[in-house]
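**Student:** Feature table excerpt (TrEMBL):
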type	residues	note
TRANSMEM	18-38	transmembrane segment
DOMAIN	20-515	domain 'Major facilitator superfamily (MFS) profile'
TRANSMEM	58-79	transmembrane segment
TRANSMEM	86-105	transmembrane segment
TRANSMEM	111-133	transmembrane segment
TRANSMEM	140-162	transmembrane segment
TRANSMEM	174-195	transmembrane segment
TRANSMEM	207-226	transmembrane segment
TRANSMEM	238-256	transmembrane segment
TRANSMEM	312-335	transmembrane segment
TRANSMEM	342-358	transmembrane segment
TRANSMEM	370-392	transmembrane segment
TRANSMEM	486-511	transmembrane segment
Amino acid sequence: MIDGALGDIARQRRANPYAAVGAALAGCFLASYHTRFFGIGLPDLRGGFGLSVDEASWLSTVANAPQILTAPAVPWLVMVFGIRPILMWPGLAYALLVTLIPFTTDLAQLFALHAVTALLLGLFVPATLLVIVRNLSPALWLPAFALYAFRLAFTLNTGPWMTGYLVQTWGWRWLYWVDVPIALLMVGLAWYGSMPQRPNLDMLARADWGGMLLFGLSLTLVYVGLDQGNRLDWHNSGTIAAMLGGGAALMACFVVHEATTPAPWANPKILARRNTILGLATGVVFSFVTVSNSLLVPSFMIGIGQLRPEQFGWFLVVWVALPLGVTIWLGVLLLRRFDFRFVMIAGFASFAAGSLWATHLTNEWRMVDFIPIAAFQAVGLGITFTAVMIGNFTSVKPEVASAFAAYIQILRLVAVEFGIAVMSTFLRIREQTHSNLIGLHVARGDADIAQAIAARAAMFQADGVAYAKARATARLAAIVQREANVLAYIDGFSLTFVVALFGIIVAAAMLPAPKGPLTSG
């Protein structure tokens, strides 16, 4: 009797549902922070590993692209095997690998280790919403979804400061080693929050391995093409054409396969609903407009303001990350009282207002000038993503939720990369255009230009007349380039403004969600 009672207590302790949800959320923070640290700290990592610009760029791709190879199948794997095989052993393996990576000196080993860690990272995020629904009471679903949304915005805006702090205080190796305690926390919570589970043999017998492989490979190739597209100039690169073309071909094979296999894993037919299509569209729009927060503002601070991440990162922490602690719960409050469409519209309107404000940008702007933009972004990030998730998940039937979760990975990884790729290419083209247009007004022999060069040459007279004139001309060229970049950033914010307005239109076109634990009323 005593042994039975102790067994019951142990079983209850190890199956704590809150710990299971905590493990899934810890995995989300781990994946998001690692991706953010790697992206912002890449120049320091390049120096630490002694890489060329080309090698560092490809290392970044290898460290991210394999995530999407494993991610789409994770919800199905959790339903078959439980969370232990997905979070525990991969979490321990990940902690070991990121401990070893900074000591690696061989280039091939460096790429291989990053590819494996990316495959493991791909396991940690996709099952979170499924774990929430399976372990919490319906009354807690909305707050838990909000925490999932909070993770994305919080890591985006604390990442720059934390990256700068880690590199300047502890060294670049800690961009990897800081992951270890988070990974171990995830492992501990996964152990405490779950019990060994017998595999679902029925689902395993009907596994659509071919569909999973085709879908994952196609998205991986597309991701690589998007990630390297701007650097290699898109259609002028055979590599990019092969990646995007191969990804599209594999996706076509996946659609045919799912239509003909007797037990499809993620049949595209489940997307053939109005709210599902429009919901996915709002997800793409959200991924794009967040670029104004994750790319445009930091890039302006670095490129025009000449600041390091730790110098401007505190601004994002104070004016975006900390207010998220309020705005994310404001979103929950609004979603409990109003239709998700109205909340989504309000969120996109906040992004639009912030982007419109930023179109008044000048080279004299300092961090204090970005406070209104940061405030609008904090509201938009806090209330929009949760509404987007509700709009998507209430649009499908519960029995196909795990299949639909595979398509959500397109929003989580590919749509974000699409937004960054489009914006990076747009900024490059607009900078070149503005540089050319400004240059048309910098005519050789023009009196104003000659006067400007003479005024700047006077600053370098001690170096000799010829050298002083060359330095003055270079300074003038730098001013032209700076102003061209400022105008390109204004165009970038204008583009996010237009896309946010499109998001409002799409949200307004959606139908009300059916009554349930995630909807108002």
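Cβ coordinates are placed from backbone N, Cα and C, and glycine is handled just like the others.
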**Student:** What is the pLDDT of the domain 'Major facilitator superfamily (MFS) profile' (20-515) when averaged and given as a whole number?
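**Tutor:** Over the domain 'Major facilitator superfamily (MFS) profile' (20-515), the predicted model scores a mean pLDDT of 90.
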**Student:** In terms of Cβ proximity under 8 Å, which residues at least six beyond the ends of the transmembrane segment (238-256) contact it?
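**Tutor:** Sequence-distant neighbours of the transmembrane segment (238-256): 211, 214-215, 217-222, 224-226, 228-229, 232, 268.
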**Student:** Can the transmembrane segment (111-133) be said to touch the transmembrane segment (58-79) if we require at least 3 CB pairs below 8 Å and skip pairs under 6 apart in sequence?
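**Tutor:** Contact between the transmembrane segment (58-79) and the transmembrane segment (111-133): present, because at least 3 Cβ pairs are under 8 Å.
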